[in-house]
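Below you'll find the structure, written out as structure tokens, and then a few comments.
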Amino acid sequence: MKSYLRYEPKKQFGVIASPQCNAQYDYTGNLAFTGAIQEVCGWNLRQSVQVNKLSFDEPSYPFRTGGDVTILQTSSSKPIIAVGYTNGIVRIYNYLNETLVATLKGHRSMISSLCFDEESVTLVSGGADSDIVLWDLVSYTALCRLRGHKDAITGVSFLKTPQQQYLVSVSKDTLLKVWDLETQCCVQTVVGHRCEIWSLAVLQRASGNSLLVTGAADEVVRGYRLSTTGTTTAVVAGESTSEDSMQVIEFYGSVERQSGGNGSIDKCAGLSFNPEGSLLAAQSSGKMVEFFRVRSAAEAKKKCKRRTKRTDKKASAGVAGAEGEVFNVNMLVLSDELESLPSHTIRCTARVRSFAFDPSYNKHSSHGQSQSQSKGTTNKDCKGMLSLVNNTLEVYVIPLTSSVESNDDNNNETTVQTAVPSKLSVIDLHGHKSDVRAVSMSGDGSMVATCSNESIKIWSGRTQLCLGTCRVEGYCLSLAFAPGGRYIVAGTKEGAVQIFDTASGECVFNTTASHAQKLASTSKSNSKATTNMLSDDISSSSGDGALWAIAIRPDGKGFMTGGADKKVTFWDFAVTAAGLSAVYSKQLEMTHDVLCLKYSPTKSQDRLMVAVGLLDSTVRVYYEDSLRFFLSLYGHKLPVMSLDISYDGTLLISGSADKTVKIWGLDFGDCHRSLLAHEDSVTCVKFQPSTHYFFSAGKDGTIKYWDADRFEQVLLLPGHRGSVWGLDMSQEGAELYSCGQDRSIRLWERGEDLVFVEEERERALEAKVDKAAEHELEADSREREEAGVAHVTSSRNSESAVLTAAARSIESVKGGEMLMAALDLAETELAQSAEAQSQGTKHQYRNPMLLGLTPYTYMVRALRNIKAPDLEQALLVLPFHYVTRLIRMLIQLVRKGLDVELCTKCAVHLLRCHQAQLLHTHNLLEEMLTLKDLLAQSIGSYRSLVGVNMAGVRAMKRRWDDMQEDGIGALAVKQLVK
């Protein structure tokens, strides 16, 4: 059985901020976190460097990859961050030590919104499956599932009132819902929106008059406030609530947003208040972020008074009511509290993905309470961060306006705007702003070059950090390192050949007509002087087509280019005072566009050949010295996108848009085998040096490892999102670099693990079976949840919603099976021990499956091995006869004092799930009562211990407060701790 060495992903770089994920500050304001496809990157905004990266290890690699990051939410008091993924998983990370804290599985599709409570002990997640799940961040279990929306959840937030805490949610179904967290029921539904709601923000105030604003696909921002009546009242026309008897919030009015540059208004994709509550940012789905100033209470009352006076004047003049509102004119509305700041609008060069305020900037200012603000003046400003869809982060300083209030009610308010937002810093050098079209490694592997629109980036081959950026005149499509690794040869979409110095990043040679018609006549002349003259003259001409491919001659003396002008042009390297240059040598005309080309790997001029892939789906092979035709390889049905020649010159592989890779023999031009390689077009192929193994990549986002002698696939390397445009390998074959449409560059490293093709096929088959099983589990869970919701609706029993909060998965099913196996093993050993004791002999636990543990300790170990989020679903897997046996086992575990807390959790969950069956099983009643007494006694001792600890903490807090009042510093704190 033939074996191979496995290639594994080592590093992903080049992505600053994914276009499908938001960006967030940490609670100190020193770090910014962005989604980078499957990872989370932490950035130091002052130094513009990446300081950490949060990722997880996928156990079933390489046949399954984790979802992409879609939403980030940092805690306001702890160094933790919640990350939502496209596969419905929420992961909690500690970003100080870069560790994964917990994995929460409760959704069936993409996570679209996350929110921590004030103490960061509860997390709420909303998904595209229209479900809302509350998570306990102490035990990392699901508390309840809230269902009521009919479309994807777009925003969730906690709303704190003087009496209790509510949860507010908005969705694409145009509904705003208020949930009571104690009863876990919806207590109010606002149906005033006429289009999809995309954003939600809540401004919590110490006075209790909290402000809630929503943004939709229309031109206004709507506001809500806590209801003062508690019952349904008349509101603005078109804004109403459902027929609930309780009303928590009431409509507060609306303010208009600005239109975009083309006159249209984009949807309001994001809303956020700054930490002081003095600014509201409204981010559109286009290139604009606008701001509203939140007036103080005194300013809002004066604005309301002036509006009332204007309304009275209009009424006396016989003019219709202002703006069609039916509010009492003496009542405050949202327009009285929010003031638009057109001069503060930020217009970016690309679409904005998210906006976030710095939580620590001017943290100690108190809006609306200081003496200066009571007079209507302020000199504060704040800082905000924008994440753009072109892989860029921008930081702005947003000044607050100074307003002067007039004592004369007949005069209007005058606003003096002190400054406009200024750009503080930009992070864009660590990645490309568009698709990465090609990748190339230097000969010694110390540098890696990638190209995209208008730029070439040079990366360190050791640390994968960006060493420099070369500005390209045009869209760079192909590149290659010149011999020595100091210069880079690049070809553009406009038809130019450019040579860059890697040290300075400057262009030392540039021609915009490398394939101009003038060169056709020069190919007939052998005069070197004439050739040099023409190569200098064409630099001022326009290009004649995209340069799709560049290949360096094996002896390092020149290179060739091919493109859409249907020509292959050969160049010789020359050294000038400016640096490396290129001198035109000769040209080969083709019948169709040249899409790819390659030299045969030999330094002998007599045996050197050139292979050219054409738009007519053929590959043509020529002798390089005389350009004499040698072979024509035809068989592809669509254009040949890439080709490569093996190290010994005996095999040629070609990848085509017909999804196949063909293996050809270069001796007679026969096709050895045609392989259906990818699910979409094959974009690049690359031989591993000194072997007949090769890699292929396609538009399906996968890379595959093949054996050209056995004609079989060895490995599947998934990871890219979108098309893979480029591949390159080190000279030793130990490292493989890939780049693609997702703007990421990935490094794959050859490890020490052996790969057997048969085992990989079995793993692929198991992955398909697991995927089918997951779909069945999802369908079963959906039916169970729908049944649970119907039960809650009929009986108002909220506990049924708790049972369906956690999602059923393969891990929970495997946990249930492992629990049943452990229970069988423990009972068998206990039975053998009892039998030995009855016979008067001593029994030794010799079963190696116990790992040297007693049956009870082994049973506790099995329960602990099940992750907390999967425990409830794992217990649901157990048949009822295993439930009865597990209850008897729990009695023994509690008596021995083994993990009483875990045993209590299992007992309570089993009782909730099987309450009816347990009550009708008479032989279990006595045991259930025994378990109840044991748990009450054990939990009572834990309660006493917790009470003592809480009393001690309160005493320490009192001493701390006394020392703060007395001015005792950190030394006294250390003495207290000692």
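Don't overthink the numbers, they just go from 1 along the chain as shown.
Each Cβ is built from the backbone N, Cα and C atoms, and glycine gets one as well.
TrEMBL labels come from automatic prediction, so no person has curated them.
Per TrEMBL, the features are:
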COMPBIAS  367-377  compositional bias 'Low complexity'
DOMAIN    857-957  domain 'Small-subunit processome Utp12'
REGION    361-380  region 'Disordered'
REPEAT    104-137  repeat 'WD'
REPEAT    146-189  repeat 'WD'
REPEAT    429-460  repeat 'WD'
REPEAT    540-572  repeat 'WD'
REPEAT    633-674  repeat 'WD'
REPEAT    675-716  repeat 'WD'
REPEAT    717-749  repeat 'WD'
| When each of 429-460, 540-572, 633-674 is checked against the repeat 'WD' (717-749) for Cβ pairs under 8 Å, which one has the most? | 429-460
| the repeat 'WD' (717-749): DSSP-derived helix, strand, coil residue counts | 0 helix, 19 strand, 14 coil
| task | Would you report the average pLDDT that the model assigns to the domain 'Small-subunit processome Utp12' (857-957)? | result | 85
| query | DSSP helix, strand and coil counts for the repeat 'WD' (540-572)? | reply | 1 helix, 18 strand, 14 coil
| task | Using DSSP, tally how many residues of the repeat 'WD' (104-137) sit in helix, strand and coil. | result | 0 helix, 20 strand, 14 coil
| How do the residues of the repeat 'WD' (429-460) split into helix, strand and coil according to DSSP? | 0 helix, 18 strand, 14 coil
